[in-house]
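Here's what TrEMBL has on this protein:
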- 217-244: coiled coil (COILED)
- 349-520: domain 'AAA+ ATPase' (DOMAIN)
- 12-34: transmembrane segment (TRANSMEM)
- 46-65: transmembrane segment (TRANSMEM)
- 133-150: transmembrane segment (TRANSMEM)
- 156-172: transmembrane segment (TRANSMEM)
- 244-264: transmembrane segment (TRANSMEM)
- 270-291: transmembrane segment (TRANSMEM)
Amino acid sequence: MSRMLTNSRWRIALIIALVTGFAGILLVGVSSWFLGAVALAGLTPMAFAFNFHAPAALVRLLALLRTAGKYGERMVGHDAALHDQASSRRALFEGMAAAPDTRAGGWQLARADRLDTFLADVETRDNARLRATFPWFVSGATFLTLSIVAVAAEPLALPFILGIAASVILLVRNASDRAGRFSEEAREERRKAGLAFGLALGSVAGLEADGRRDRVMSDAIEREARATRLLAKAERRMIHAEQAAGLFGVLAAASVLLAAAMAGKSGHDMLPSLFLAFSWLAFGELAAPIARQFLAAADAKEADTRLRSWQAEPAPEDTASPLPERCRLPFVAPNGVKLAESADLLLRKEEPVAILGSSGCGKTTAIKRLAGWLPWTEARHPFGSEEAARRATHLSLHDAAIRKATVRANLFSDAPDHELLAAIDAVELTPRIREAGGLDAMISQEILSLGEARRFAIARAMLAPQPVILLDEPGEHLRPEQARRILARILDALRDRVVVYVTHDEALAQLAHREIRVDG
C-alpha cells in the first residue's frame, strides 16, 4: 500500500480509479434521485417549473467521467504495474543468480515444467498489486464515504449494512480460500501428470517390455482428470462467492429503504434515502469481484513464498583458498546414495581430465558438487567453500538454456566481437549465426536444434573467465566426428585453464590428458 501512495504512477492511477468509482456510484444515485424528483414534480403544477436540464447534464457528465475514467485507469494502472514488474523482476533475477536452489537438484531453466511454474509465480506476484491491493483501496475508500453519508442520511441502516458487509466478507473469504486450495492441488496434480507423461514417453520401450505401459499411462491420465475435476470445483466455489458478493449491493440498498420506511419518510423526504440506496446498489458492482481479489492475494502470497527459495541468502564469510591441485571427487546422488567409489582428481593446467562412465553413475552430479552447485559431501570443499567454488568454476551443462535474447547477450561475455566470433567459429556455428543475422540477432531455445544449443553452451565455456572449466557431456546431441573436432579445438584453446569434462564416449575421453573411469 505504501508503494501506491509514494509512487507517482500509482498515485495518478488511484486518483483516476477513485474518480471513476465515485462517478459510477453518483451516476446511479443521481439518476434515481432525478427520476424520483421528476415523478413527484409530475404530480403537481411544479412540473412546468422543474429544471430538467441541470440534473440531466450532471448525469451525462458522470457517465462520461465513468467511461473515460475506466479507460484511463487501465492505461495508467497497467503502466504503473509494468514499471513495478521491471524493477522487481530485475531484483528477483539478480538474487536468483546467486541462490542455492537455482543450482540444487539439477534445476535448469531449460526444464519446461519448472520454468512454467517459476514464470507463473513471478507473474502472479507482480500482478497482485493491480489485481488485489489496488481494487481493495478503491472499494474501501468508496465504502467509507458511503458509510459517512449513511450516518447523515439514514443512520438506522448503517448497523445492518456493516453486519451484511462483515458476513459477506467472511463468506467470500472462506469460499475463495477453498477455491485456492483446490487450484493449488490441481496445479500439483497437473505437474505430476506432465512428469509422468514425459517419463512414460521417454521410456516407452522399457515399459512396453515390462508390461507396465498401460498402467503408467493410465496413472498419468487419471492425475490429469483429477486436476480437471479440482479446477472445476474451484471455479464453482468462485462462482458461489461472486454471487454472494453480488448480493451485498442489493441487501444494503434494501436496508436503507427499509430504514427510511420505518422512519415514516415519504415524498420529497424520501429522495435522499433513495439516492443513498441506489448508491449502495451501484457499490455492489465494485464489491462483486472481491472473491477474485481474495484469491489473487492468496495466490500472490503462495507465489512469493515459493520465489523466496530462489533468492540468495546473505553471503557467508569468504573462505576461499588457492586453486587446489588435487581432490577426492565423490560420486554420490543428490539424495545421498553412493553411486560409485570416490576418485582422485588432479586439477592442472594443460592436463584436461575426462570422467568416463555410463549414464546414471553420478558423473554430472560429481562436477556439480565440485562447482559448488550441490553440497560437498566431504569434510571441506577443495576450493574452500561452495561460494568460492562457484566463483572459480564455469559449469557448462548439456541442457543449459538459451534465452530469448541476442546472440551477444546469450554468450554471457563482455569480450570484443572478434573473440565472440572466434568462439562461435570454434563450435562450428558461424554459418548458423550468420544466417540468423550476426551477433545482434535474436535467438531462442525454440529456433535452435539440440546440437546447436549444446555447441552454443560450449562457446560460452570457451569465453568464460573462470580458471576452472567443467563440461557436462560436451558431445551430447553432436555427430561423433563433429564432437571430436570441437572438443579438441576447445581443449587447445583452454590450455591455460583447468578443464574437466564428463562423457560416456570412449573416443572423446581419449582426447584428455588423464582419464577417470566410473563404474556405477
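Using N, Cα and C of the backbone, Cβ positions are placed for all residues, glycine too.
Remark: the transmembrane segment (156-172) makes no contact with the transmembrane segment (12-34), by the rule of 3 or more CB pairs under 8 A.
Away from its own ends, the coiled coil (217-244) comes close to residues 168, 171-172, 175-176, 178-180, 182-183, 185-187, 189-190, 192-193, 196-197, 200, 288-289, 291-292, 294-295 of its chain (Cβ-Cβ under 8 Å, at least six residues beyond either end). Residues of the same chain lying 6 or more positions beyond the ends of the transmembrane segment (12-34) and with a Cβ under 8 Å from any Cβ of it are 4-5, 55-56, 58-59, 62-63, 65-66, 69-70, 72-73, 76-77, 79-80, 134, 137-139, 141-142, 145-146, 271-272, 274-279, 281-283, 285-286.
Model confidence over the domain 'AAA+ ATPase' (349-520) stands at 92, taken as the mean pLDDT rounded to a whole number.
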